[in-house]
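As structure tokens, the structure follows; a few thoughts come after it.
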Amino acid sequence: MQIEVKNISKVFEPKSPIEFTALKGVSLSFEQGEFISIIGPTGSGKTTFIEHLNALNLPSIGSIVIKGKFKDQKDKKNPVLIESEVILQKTKRKIKQIKEIRRQIGIVFQFAEYQLFESTIEKDIAFGPISLGISKEEAYKRAKKYISIVGLPENYLQRSPFELSGGQKRRVALAGILAMDPDFLIFDEPTAGLDPQGSKEILEIFGKLNSEGKTVIIVTHNLDHALEWTNRTIFFNDGFVIKDGKTYDVLEDVDFLRENEMEPPKLLVLKKLLQDKGINLSKVRSIEDFAREINQYLETKNKTKENN
């Protein structure tokens, strides 16, 4: 699946005293299998943007072209998947393939645990697939499969989701999206409110899904997470995309991040301090990378002393 965003703008309450332009001439493309972080200060347009990717919102100007395999609607009894494209744009007509788009592009919003509502975890996970026309039998099979993938025991299926901790509820919400088998997975602040261990476990799940070919997009203020896990970073500010590139290249510019109200990754701040003192390290994306680089630097320094 591919998504191409063509010069979209979004205006809320147009021609009114409270008119507000949330997105301004945004053009981006997304390929299957990418792992992307979307960053930017509060109110920069990040959440509004991701709402456009599966037609929860439509642009005021511009369009979004989604290319992939969609069910052929001509034969509703025995639909087959065919290569086609869907164009999302401002229209009064009903958007074709809307269910297919939302099946293939799943979004988990911040504090998704508050979206749980069924009496059991099994029913909550199965709700999405059933609403898309999947049989109950198949939906419950998927619930059993995906609760394990998100790291919860199978015997939780008959429990009420409201008995769980915040982190566990978020895993159930994630399982519900995965049960619809999307190609694109989009998460809005997925680690907000989680402790370090919970954050690590959620990010490891995302990494595994990406390694299996899923496109993973995370909206995050935590640039340490973006640095360690994602390969591409898109930077929003005031409704514009101000940077789009390899994650390390975008986040390494510590001064640029601060100028745009973002706290740089701690590792790269420390790396820059060392660099200013003449200690040059290669690219570091994690604590493990940093420790390895420091050890290598010290070994090289000690060998140089011995030779002298």
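Every residue, even glycine, has its Cβ placed from backbone N, Cα and C.
Marked as domain 'ABC transporter' by Swiss-Prot: 3-263.
Residues or ranges marked as ATP binding site by Swiss-Prot: G40, P41, T42, G43, S44, G45, K46, T47. Counting every protein chain shown, the number of other Cβ atoms lying within 10 Å of the Cβ of G43 (ATP binding site) is 15.
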Shell of the ATP site beyond G40, P41, T42, G43, S44, G45, K46, T47, same chain only (C-beta within 8 angstroms of their C-beta centre): F236, N237
All-chain count of other Cβ atoms within 10 Å of T42 (ATP binding site): 8
Binding-site residues listed as G40, P41, G45, least Cβ neighbours within 10 Å: P41
Which of S44, K46, T47, the listed binding-site residues, has fewest other Cβ atoms within 10 Å: T47
